[in-house]
Amino acid sequence: MAESVRVAVRCRPFNQREKDLNTQLCVGMTPNVGQVNLLSSDGATKDFTFDGAYFMDSTGEQIYNDIVFPLVENVIEGYNGTVFAYGQTGSGKTFSMQGVESIAAQRGVIPRAFDHIFTATATTENVKFLVHCSYLEIYNEEVRDLLGADNKQKLEIKEQPDRGVYVAGLSMHVCHDVPACKELMTRGFNNRHVGATLMNKDSSRSHSIFTVYVEGMTESGSIRMGKLNLVDLAGSERQSKTGATGDRLKEATKINLSLSALGNVISALVDGKSKHIPYRDSKLTRLLQDSLGGNTKTIMIACVSPSSDNYDETLSTLRYANRAKNIKNKPTINEDPKDALLREYQEEIARLKAMVQPGSAGPAAPDPNLIDEERKKLREEFEQAMNDLRGEYEREQTSKAELQKDLEELRAEYERANANLDNLNPEEAAKKIQQLQDQFIGGEEAGNTQLKQKRMKQLMEAETKTQKLAAALNVHRDDPLLQVYSTTQEKLDAVSSQLEKEIKKSKGYEREIEDLHGEFELDRLDYLDTIRKQDQQLKLLMQIMDKIQPIIKKDTNYSNIDRIKKEAIWNEDESRWILPDMSTNRTILPLANNGYMHEPAKQEHTLLRSNFDDKLRERLAKSDSENLANSYFKPVKQINVINKYKSDQKLSTTKSLFPTKTPTFDGLASGVIYTDALFERAQSAKRPARLASLNPNK
């Protein structure tokens, strides 16, 4: 059966910033009918109706008992449930989810849910429960495990037909009581990304999801598994009001991107005509895919500010929430899931007990047949895991080195498990059985009648509250035209009153259209401002790359940027580019004749090399007696120029009379350097005027 998303609106008190600005109240509420009134500066009123309306004097206890308590009860019965807070930065989302531990009435949804779950498991008879938790955050569109050994490591979102959407590698922690859950919550909360803005000094810069898994198994062996998602969204914000720059601007851009994607998903679900729901547009919507239009009971707590300074943001939040309440989910009980940890634990206990047969006297001895069967199953599991791992790496185009590393780790784990079977002894098996059984909880307070009555009373009060609200809304929506009146004047008055309401509603719709245009314009300007800042950042990075490009070594593949751009692959799951590994290509020239040299050629090569070495030594010896710098910069005297000219003339005459052959390198040709024609031309050449003017006696 379809069930709508339940939406409650909570208005926080004025904060110090709003008091200093001396802002006016713009929010009014009628709690008994769940109505919220928003007052504009021109006196116009906008009315919204929700499943709950909680004004500034409301408490966390009241909100939990009215709308969250029935949801947690359903989770214990085997349903999936989600509670998430939405609103602008500084509107009280984290306060609503966490609350103040020192003030009992103001404790938030999350700690109250812990108390509720363990009270329910303790008072339930004939059922054993297993409770474990996980805690993650989505920061800059990257998923991180807040309870993992390395909370900076990025995790991937995957999807399988039997499991649905899940986070690979997310750590699970078994909890036996409320303090254990609170310790995990505190540890993870301290690892979250927070930062100061003009709107909030401790603004959440990430979305966080704390998930409690509750598995219950009856004495007959049937298993039900419920899942409770407690989501604290980062605040929507406009850059102009928060003063975000640098890293804060980048964070705000990613936050607004995911919240915009969430709004698009809600709009597509409510529209009913959309064939495609854009869950994959952000990590947040993909993780909440089952909570919006899926197999989950969902509650949205919309947090707003009472200040007129935040009128636009409050109006946007109310519209957002008003659309969300029209989403239809189809929650069903998760019965006998294949991957239930509780069933795995029970099967493990049964196997260990069967493998270690207790004897009438002395310690128990392992059964060889059962051990061989267990070893066979272990081998099959190893082969299946290895095939899955290989297929996963092939799909994701992972390098061979990483695949080989993971296969080696898997093989080592298999060998350790196989060795443990050989060294199995009854005492260790019994110890392991006890450790597994200690994970189970349930029935500790089965005889506490007072605790059971308190739980049932809270459930009845929540149901009564829901029924009263529904009845009030039905009365509020009665059509006066269908009533029976005693006089015509009474009917005329009723019709006139109805006409005035319709006229007022029509004017309200007209103002709504104007407000939507104004809100769209504000969003457009905000997006343009963000685009400009991102364009500046992109140009800065491009200029830096252009400066660095010439100094990159030419023997690396990164010297060709265009080629790198073509080889880059966009990973949709990780929202990042996968670049090719850097490689260096060194050119090595091959030896002549494929690396082999004939003996005569080798001797000729040795002779040429010897002659070259002799000439080089001769030039080095002469370099000691010749100083090129002094010779080049030495003052030129007239007598030196005349003597040089005479010596050159004699040399040309000698060479023309006795032509010499100049051997070429290969010894195949020879030629005469000076000819008689050249000598005659040199003799008939006119003497330079400068040489004629020189006095040889100087």
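Keep in mind that glycine also has a Cβ here, set from the backbone N, Cα and C atoms.
Taken from TrEMBL, the feature ATP binding site covers Gly87, Gln88, Thr89, Gly90, Ser91, Gly92, Lys93, Thr94. Using a 10 Å Cβ-Cβ cutoff, Gln88 (ATP binding site) registers 24 neighbours.
According to TrEMBL, the coiled coil annotation covers 375-427 (among others).
The coiled coil annotation in TrEMBL covers 492-519 (among others). The average pLDDT the prediction assigns to the coiled coil (492-519) is 80.
TrEMBL lists 4-327 with the feature domain 'Kinesin motor'.
Ranking the binding-site residues Gly90, Gly92 by how many Cβ atoms sit within 10 Å of each one's Cβ puts Gly90 at the top. Ser91 (ATP binding site): 28 other CB atoms within 10 A of its CB, across all protein chains. Of the binding-site residues Gly87, Thr89, Lys93, Thr94, Gly87 has the largest number of other Cβ atoms within 10 Å of its own Cβ.
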